Amino acid sequence: MSPGFRRAVTGQGAAAAVQLLVTLSFLSSLVKTQVTGVLDDCLCDIDSIDKFNTYKIFPKIKKLQERDYFRYYKVNLKRPCPFWAEDGHCSIKDCHVEPCPESKIPVGIKAGRSNKYSQAANSTKELDDCEQANKLGAINSTLSNESKEAFIDWARYDDSQDHFCELDDERSPAAQYVDLLLNPERYTGYKGSSAWRVWNSIYEENCFKPRSVYRPLNPLAPSRGEDDGESFYTWLEGLCLEKRVFYKLISGLHASINLHLCANYLLEETWGKPSWGPNIKEFRRRFDPVETKGEGPRRLKNLYFLYLIELRALSKVAPYFERSIVDLYTGNVEDDADTKTLLLSIFQDTKSFPMHFDEKSMFAGDKKGAKSLKEEFRLHFKNISRIMDCVGCDKCRLWGKLQTQGLGTALKILFSEKEIQNLPENSPSKGFQLTRQEIVALLNAFGRLSTSIRELQNFKALLQHRR
């Protein structure tokens, strides 16, 4: 430090210098040390995930999300909160979800569950809005009677399965089709006590945690003086692998959602036209190791852990989609083939990843205890999916429901290995099935994680540019 600089940093200048040093310290810790290295509870390093996602997964999953089979999602945003009296929905205009009018939805999508791979439709590759949806292809009427009977069996099986999340009844009058591309996940202004109540309920009541242990930075917890959260992590490390994994999945999902909000933040609005983009200040508020007392980097590591879990699920479910009987049907033969080819290409990439999480390490104890723990795990997660109906912002609720359903589908896949291995090639299996709703949620949820990791790289670059 030069003599001139020493003289300058007095009084208010000293405060400014300290702030500058804090910023540089954040950059250094984030880029070089805090979010690097090997993840806990697995043998994968963050740098390998970054490269794999950037060069193999992200470009393809982004294209897949733009395919019409994966862009339409039927969801009930009017289900009442089952846990407390919700004090109304968010009135902020950016919270609003614009559904596709029923009359605009292609016939192929409205066909319902009688043909589970024919519930999306498109014949145009560039669809600007729902107004053009009626141009899409209709259902292929050349299905054999045998296939139609098989589809009925599939629907029966779907209704009887034990899911890891609460599924919306697509036949409910309150369920609506939403074009995900027209309703992107981004910062809406939804915050405060309502948002905190949702996440507090998730963490405090559904993460195998006693009430006497408080997670760090919980604004609803009683004051703990100088406690920086180490007591929480001491407790967490003392848990079995399965319960640690559960917490990391929820924390990773929370981190991913926060990254989306920071990356697509309402920066300004002029002449009624909003401008969205990355907000570095908001990113620092949520992830800066200084501002979050070390929590930010832990959250980001949990994001990578969640990415590994869903990546593993995609690699395990590949045989299900590789069968000739599975066709992501839209009514346009050429487009159908392209969509499936792209999906299978993504599956091939997921199988090539060399450092997968080993799900066999979970629920590996005595059979009775493992079965009981697995059921508790499933019910806790299913409860979290129900909490998403308590989110006051419609757009936040939409993406919260989709991403919890996607993770729930991933967990269902990971714990159905034997059923997937025994799938028949040319006929439906009663041992394992996925609904179209689950397929759309699974791939879009993983796409959100892939985007989160890509956005994290963008924030690192922005911060480095500011040095």
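Backbone N, Cα and C atoms are what each Cβ position is placed from, and that goes for glycine too.
Swiss-Prot names ARG186, THR188, TRP199, SER251, HIS254, ARG286 for binding FAD. Of ARG299, ARG312, the residue it gives for the same site is ARG299. In Swiss-Prot, the cysteine linked to CYS390 by a disulfide bond, out of CYS81, CYS90, CYS95, is CYS81. Among the listed disulfide-bonded residues, namely CYS81, CYS240, CYS262, CYS390, the Cβ with the most fellow Cβ atoms inside 10 Å is that of CYS262.
Residue density at TRP199 (FAD binding site): 17 other Cβ atoms are found within 10 A of its Cβ, drawing on all protein chains shown. CYS81 (disulfide bond) sits 20 Å from HIS254 (FAD binding site), taking the CA atoms of both as reference points. Comparing local CB density within 10 A for the disulfide-bonded residues CYS100, CYS396, the maximum falls on CYS396. If you check the recorded positions CYS100, CYS262, ASN383, CYS390, CYS393, CYS396 against ARG186 (FAD binding site), the ones with a Cα inside 10 Å of its Cα are CYS262, CYS396.
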